[in-house]
Amino acid sequence: MARKKPEAPPKKTRASKRAAEDDEAEEVKNKPAPSKATGWGFLKAPSGVQLKKQKKAGKPTDSDDVEFPPLSEADLALFNDEIPTKTTDDGLRIIAWNVNGIRAVLKKDNYFRAYIAREDPDILCLSEIKIDDTALASVKRILPQYAFQHWKCADQKGYSGTAVFSKVKPLSVQTSLVVDGEEENEGRYIALEFNRFWLVHTYVPNAGQKLERLSYRTEQWDTTLQATLKELEKTKPVIWCGDLNVAHEEIDIHDPKGNRNKSAGFTDAERESFGSLLKMGFVDTFRKLHPEEQSYTYFSYRFGARGKNKGWRLDYFVVSESLMPNVEESYIRSTITGSDHLPIGVSIKDICD
């Protein structure tokens, strides 16, 4: 049988462009004005002419050191009520966050960097970074406390992409995922091997406004990823996290009746695919620890969805069954702003050497 090629990212129709413009307009309206003192202009990739002018004037480029504004006590104090102080007994703390554009969150004064500093995760996973190699060098310096950084950018400029920041050096790193014979080129997969576990961070493809990528998502991507997770699990337990683009159960979405089989992320095919993975020996940590809690991780920028609590739970920490007894907490940082997604976290004990 002829092998299917992975479907390309959907082209923008007039309707999708208009929806995107509405989202962007609502996002801009809700964003705080960036501080003039922070000087984030270098994050926009300069042209060749601009680079020459910058070098001639002695100004920083992506290849030079860039000074980031120092964090103040006031910056860190913003999160005192939301984030408990980390102690040595907390075990491994991992945070995953779809930032909807790394350069966008960096323009919000020191908010992003202060949040990460206050949270102080051992491992930080970011998805939908929307950055390409031209600006990568400077952005890599945003979190110097993480000595080990691994980025996977999409071939398409300004689209998708993932990154993992770690305080501990991984034994090995994978950034290549072969889906139905073709290497995935949207920057959606990073796997890191540590002494006692695998960490897999993904930004799972969205099925599209008209579900045009649904078959690719469920029949090719999901199938490949499930096989990959089970293969990794043969050597060590797996922690899988990220924006998985599925609301698994009705409790995970504000309007299940209105969205079922109409909206990407809540089709029977996607939900059954995710369910089949759980039946293979994996656990949705948040739902296991909070079986009745109706909390969401994604809110559209349109129609004031976040203020009305009309959201979806699309972001997950999933672990091998053997690891679940070590999971102390799985949580959603419900007050953190800066993206249409919320950060999620997990604390796992007795897993670090």
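In case you wondered, yes, glycine gets a Cβ from its N, Cα and C as well.
A TrEMBL annotation is a machine prediction, not a hand-curated record.
Quantities reported herein were computed from a predicted structural model and do not represent experimental measurements.
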Listed by TrEMBL with Asn98, Asp243, Asn245, Asp340, His341 as binding Mg(2+), from among Glu73, Glu128, Glu272, is Glu128
Once the chains shown are all counted, how many other Cβ atoms turn up within 10 Å of the Cβ of Glu128 (Mg(2+) binding site)? 24
Name the residue among the binding-site residues Asn98, Asn245 whose Cβ has the smallest number of other Cβ atoms within 10 Å. Asn245
How many neighbouring Cβ atoms, not counting its own, are there within 10 Å of the Cβ of Asp243 (Mg(2+) binding site)? 27
Cα-Cα distance linking Tyr203 (active site) and His341 (Mg(2+) binding site), given in Å to the nearest integer: 12
